[in-house]
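K.L.:
Below are the features listed in TrEMBL for this protein:
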REGION    1-78  region 'Disordered'
COMPBIAS  10-45  compositional bias 'Basic and acidic residues'
COMPBIAS  63-77  compositional bias 'Basic and acidic residues'
DOMAIN    136-199  domain 'FHA'
REGION    229-254  region 'Disordered'
COMPBIAS  234-248  compositional bias 'Acidic residues'
Amino acid sequence: DRHGRRRRSTSREDTKRRRHDDDNGRHRAPRSHDGDRRDRGSPPHRDRRRRRHSGDGTGHQWGKKEPKEEPEEKVAVKPDFGLSGKLAEDTNVYNGVVIKYNEPAEARKPKRRWRLYPFKGDVSLPFIPLHRQSAYLLGRSRLIADIPIDHPSCSKQHAVLQFRLVAYTRDDGTTGRRVRPYVIDLESANGTFVNNKRIDPRRYVELLERDVLKFGFSTREYVVLHEESQGEHLDDDVAEPVEGEEEAPMTTAA
């Protein structure tokens, strides 16, 4: 009987131990094989090297710290309203091409209706009105020319017709101001001609009614005329507008 009781008590204790071990096994996290691989594949001395080169993860680098440079004080720069060479060049760009000419301060639109009459031999071509703006660029480049001249001897930017406000002397000896047409050659390869005479480059030459223009070796002629000789006084005695005031719009017959 004693032996029987001992066996029963022993078997009960064994059963309790097994249950306790099973409960503990349920709450244990399974061991990660990946972690074992990492531990086995990364020896401690390699981890130390990595930490030495990459820092400790706090943003600080190992070794001697370099002093931080203090930001320089910003100095207030006064605005410069003057045009630099490059900026001045960019303001004279049209269709991506730098124009070789700048209009002078005395540039004005004429009130008189000036015209340019082209002639090819004895054949008269449609006239070109010249009263709509103060300057007209003539040249072979149709991208930028106001008046294209297609002859191969002409330059891309050959010459300019410019209307200028200039002083003149009246019949009674007094002086006044009036708008007159001028031509200027832009250092073209083969020249600009007024009445069959080649003009100097980069110099204004006044054009009179019935003057004949030719460009390069082209035989085409351009005759300078205006709509009515009676309107000659319209461009004489031009009054300068008061600063801040705009000139009165020109009224013309339809």
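Including glycine, each Cβ sits where the backbone N, Cα and C put it.
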K.L.:
Can you break down the domain 'FHA' (136-199) into helix, strand and coil residue counts using DSSP?
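P.N.:
Looking at the domain 'FHA' (136-199) with DSSP, the answer is 0 helix, 33 strand, 31 coil.
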K.L.:
So what's the average pLDDT for the domain 'FHA' (136-199)?
P.N.:
96
